[in-house]
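Undergrad: Pulled the feature table from Swiss-Prot, pasting it below:
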- 38-59: compositional bias 'Basic and acidic residues' (COMPBIAS)
- 88-104: compositional bias 'Basic and acidic residues' (COMPBIAS)
- 114-249: compositional bias 'Basic and acidic residues' (COMPBIAS)
- 268-278: compositional bias 'Low complexity' (COMPBIAS)
- 321-607: domain 'mRNA cap 0 methyltransferase' (DOMAIN)
- Lys334, Gly353, Asp375, Asp405, Gln428, Tyr433: S-adenosyl-L-methionine binding site (BINDING)
- Lys356: site 'mRNA cap binding' (SITE)
- Lys362: site 'mRNA cap binding' (SITE)
- Arg387: site 'mRNA cap binding' (SITE)
- His432: site 'mRNA cap binding' (SITE)
- Glu531: site 'mRNA cap binding' (SITE)
- Tyr599: site 'mRNA cap binding' (SITE)
Amino acid sequence: MYDPARDCYQAEGESADARDAAEIAGGEFLADSATPETKSDSTKSDGNDPKQETSETKRPAYNYLPKIARKETTSGSRDAASAKPQLKRREREDVRVAGDRVAPRADMGSYVDYSEKESRERQDRDRDSRDHRDRDRDRDRGRDRYDSRDRDRYDSRDRPRDYDSRDRDRDRDRDRYDDRVRDYDSRERDRYDDRARDYDRGSRDSRDYRDRHDRERERYDSGNSRETRDVRESRERSLSPTREPKPHDPAAPAPSKQKRPSQRGGREAAAARAAQYRAEMEKREARAQAAAQQGDQVGDSLVRNHYNQAPERGVVARQSSPIIKLRNFNNFIKSVLIQKQSLGFGMRVIDMGCGKGGDLNKWSRQRVRDYIGVDIADVSVQQASERYHNMQPRPRFYAEFHVADAFGTPLIDIINPRAFPVDCISSQFAMHYAFATEELARSMLTNVSNSLCRDGVFLGTIPNSDKILEGIAGGLKESEPKEGEERYGYFGNSVYKVEFNTPPTKDQAFRPPFGHKYTFYLQDAINNVPEYVVPFEVFRALASDYNLELIYKKPFLEMFDEEVKNDLNMARLAERMKVFKEDGSLGIDGDQREACGFYLAFAFRKLGA
């Protein structure tokens with residue numbers, strides 16, 4: 001029956017005092033082990049209760065169940081120290097069995113459990129509604145834990161966002177990287193300037209700097225003092241075509257075996273005539289050299305003025321040029337030459353005849369370390385510097401530009417000596433100006449040889465002398481007369497034209513090999529600028545005198561066909577640079593193809609130290 005004072009059910013005849021004594025003793029209290037007082041009390045019957053049991057059929061009053069029901073304890077004001085023993089005591093608490101319902105003590109919290117005989121409907125009806133709330137709360141708590149793990153696993157910048165946010169983050173990261181690169185460049189530049197100031201005012205290390213500078217000047221003055229013994233001996237054994245045989249001296253006497261005193265007067269007269277002849281020849285050479293220098297100065301001024309007056313065109317104007325296919329083709333050839341013949345990452349490069357800086361992006365893709373541009377046209381150098389500072393993305397290499405003649409002036413007088421030696425020297429569509437005289441050509445090769453390190457590379461593009469000979473042999477067209485100028489004839493087409501003011505050579509070689517002048521015209525690019533023929537075999541033999549070995553030589557058209565056919569990456573590069581024919585295939589056709597065939601590419605390697 002239910003006891004309101006204890007808030008639980010108790011069996012008939014149960015003694016409360018005996019049960020409390022059992023709780024205090026901690027033992028099991030069963031009907032079999034009850035005291036006489038308890039048995040006598042248990043045999044008492046209540047007349048009002050219809051359910052009375054005899055002593056033979058009495059069920060045990062208490063029994064431990066193997067499974068304790070789910071509970072909700074309310075500790076109230078009890079502290080943590082007293083709550084733990086109380087919990088253990090509740091685990092040992094016996095449960096009153098009344099019928100088929102299990103009910104806990106009042107001080108044990110609210111237990112809810114049912115026997116196997118209870119129906120599912122009654123379980124659902126009597127189950128506490130708070131159980132559902134607990135299950136929902138646990139499910140939400142688990143979902144929160146999963147979300148927190150997901151937040152910890154992925155950074156906030158890696159989550160899908162709108163394109164504007166990603167662009168802003170990318171720009172921010174790029175700006176941070178550019179700031180680091182700019183800070184590094186500024187530190188390097190400041191350190192470079194500090195060393196230069198120490199060198200100028202004479203610091204502790206100035207003596208070593210000046211001695212090194214003097215040694216460099218001696219190397220330039222001596223022509224090529226770093227050549228090896230084997231190279232020098234091979235050069236002395238080989239006959240260079242640039243060295244012409246000396247003319248016959250008519251005043252020189254015939255060799256005679258007579259040694260009589262009567263022959264002394266004749267020998268003295270012959271020696272006097274020979275000295276007079278040599279003096280006349282020296283005067284003639286001096287006049288010719290002065291005329292050549294005057295012509296070179298006029299030619300240099302024309303070249304300088306032409307490139308200074310050429311306007312700087314934007315990307316849109318260049319794309320609308322009538323020779324855009326030729327420009328794309330030439331840029332592709334230069335890109336392939338730089339990519340395949342240069343040394344690779346971390347180079348220090350000198351560009352002789354840098355112009356407006358059209359090759360800055362090509363060298364940037366090679367990840368060079370330093371770029372030094374030298375050109376005779378001051379306006380072009382200024383435009384090249386502006387192009388470098390406006391490059392997007394910002395360049396990762398240091399660049400400096402100088403206005404000077406890279407062929408006739410020693411580079412050590414133009415560039416700081418600490419920049420030498422360099423890994424690569426490039427001269428794109430400019431080296432033919434150095435073949436105006438032999439002295440200028442040798443000065444150019446001296447700069448190249450003395451500036452390169454061991455195994456350094458000298459590469460460039462020049463007009464093909466074989467194509468010039470073919471054009472002359474095919475017959476020259478008559479030039480239109482013009483007042484104040486002498487014109488002999490020309491060959492070419494609507495895109496380019498090579499015109500001679502004097503009758504060109506008729507044989508298959510240019511003798512003498514220097515000073516063969518012609519006027520070159522290229523549509524929308526070059527307007528009748530004087531240039532000079534570069535006989536390539538003469539150039540190769542002359543370069544061997546300066547420890548430069550030829551490693552590559554290809555005309556433009558052959559080079560394009562070979563690279564596109566054998567290298568898939570080069571074919572993809574040609575597609576990106578839009579080198580297409582009219583039918584959409586790779587290449588160039590029409591008059592622009594003939595103009596591209598006018599040039600060739602070369603590369604030399606520096607031998608020795």
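Positions of Cβ are set from backbone N, Cα and C atoms, glycine also.
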Undergrad: Could you give the maximum C-alpha to C-alpha distance in Å for the residues Lys334, Gly353, Asp375, Asp405, Gln428, Tyr433 that bind S-adenosyl-L-methionine per the record?
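TA: Farthest Cα pair among residues binding S-adenosyl-L-methionine: 22 Å.
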Undergrad: Which three-state DSSP class does Gln428 (S-adenosyl-L-methionine binding site) fall into?
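TA: Note: Gln428 (S-adenosyl-L-methionine binding site) is in a strand by DSSP.
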Undergrad: Please list, in sequence order, the residues in the chain of Gly353 (S-adenosyl-L-methionine binding site) that are at least six apart in sequence and whose C-beta is under 8 Å away from its C-beta.
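TA: In sequence order, the residues whose Cβ lies under 8 Å from that of Gly353 (S-adenosyl-L-methionine binding site) (at least 6 apart) are Val374, Asp375, Ile376, Ala406, Ser427, Gln428, Phe429, Ala430, Met431, Tyr433.
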Undergrad: Show me the subset of Lys334, Lys356, Lys362, Asp405, Glu531, Tyr599 whose Cα is within 10 Å of Arg387 (site 'mRNA cap binding'); these are the recorded positions I mean.
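TA: Near Arg387 (site 'mRNA cap binding') by Cα: Lys356.
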Undergrad: Take the C-alpha atoms of Asp405 (S-adenosyl-L-methionine binding site) and His432 (site 'mRNA cap binding') and report the distance between them in angstrom, rounded.
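TA: Taking the Cα atoms only, Asp405 (S-adenosyl-L-methionine binding site) lies 14 Å from His432 (site 'mRNA cap binding').
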Undergrad: In whole Å, how far is Lys356 (site 'mRNA cap binding') from Lys334 (S-adenosyl-L-methionine binding site) when you measure between their Cα atoms?
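TA: Lys334 (S-adenosyl-L-methionine binding site) to Lys356 (site 'mRNA cap binding'), Cα-Cα distance: 15 Å.
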Undergrad: Looking at the recorded positions Tyr433, Tyr599, which one has the fewest other Cβ atoms within 10 Å of its own Cβ?
TA: Tyr599
Undergrad: Whole-number Å only: compute the distance from the Cα of Tyr599 (site 'mRNA cap binding') to the Cα of Glu531 (site 'mRNA cap binding').
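TA: Computed Cα spacing between Tyr599 (site 'mRNA cap binding') and Glu531 (site 'mRNA cap binding') is 13 Å.
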Undergrad: According to DSSP, folded down to helix, strand and coil, what is Glu531 (site 'mRNA cap binding')?
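TA: In the DSSP reduction, Glu531 (site 'mRNA cap binding') maps to strand.
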Undergrad: Could you round the CA separation between Lys356 (site 'mRNA cap binding') and Lys362 (site 'mRNA cap binding') to a whole angstrom and send it over?
TA: 14
Undergrad: List every residue in the same chain as Glu531 (site 'mRNA cap binding'), at least 6 positions away in sequence, whose Cβ is under 8 Å from its Cβ.
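TA: Correct list: His432, Tyr433, Pro463, Lys517, Tyr518, Thr519, Phe520.
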Undergrad: Tell me the Cβ contacts of Lys362 (site 'mRNA cap binding') under 8 Å, same chain only and six or more apart in sequence, or just say none.
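TA: Residues satisfying the criterion: Asn331, Lys334, Ser335, Ile338.
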Undergrad: Across the compositional bias 'Low complexity' (268-278), what are the DSSP residue counts per state (helix, strand, coil)?
TA: 11 helix, 0 strand, 0 coil
Undergrad: Tell me, what is the mean pLDDT of the domain 'mRNA cap 0 methyltransferase' (321-607)?
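TA: For the domain 'mRNA cap 0 methyltransferase' (321-607), the model's average pLDDT rounds to 90.
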Undergrad: Among the binding-site residues listed here (Asp375, Asp405), identify the one with the smallest other-Cβ count within 10 Å.
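TA: Counting other Cβ atoms within 10 Å of each of the binding-site residues Asp375, Asp405 gives the minimum at Asp405.
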Undergrad: Return the count of C-beta atoms lying within 10 angstroms of the C-beta of Lys334 (S-adenosyl-L-methionine binding site), excluding that atom itself.
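TA: Excluding its own Cβ, the number within 10 Å is 20.
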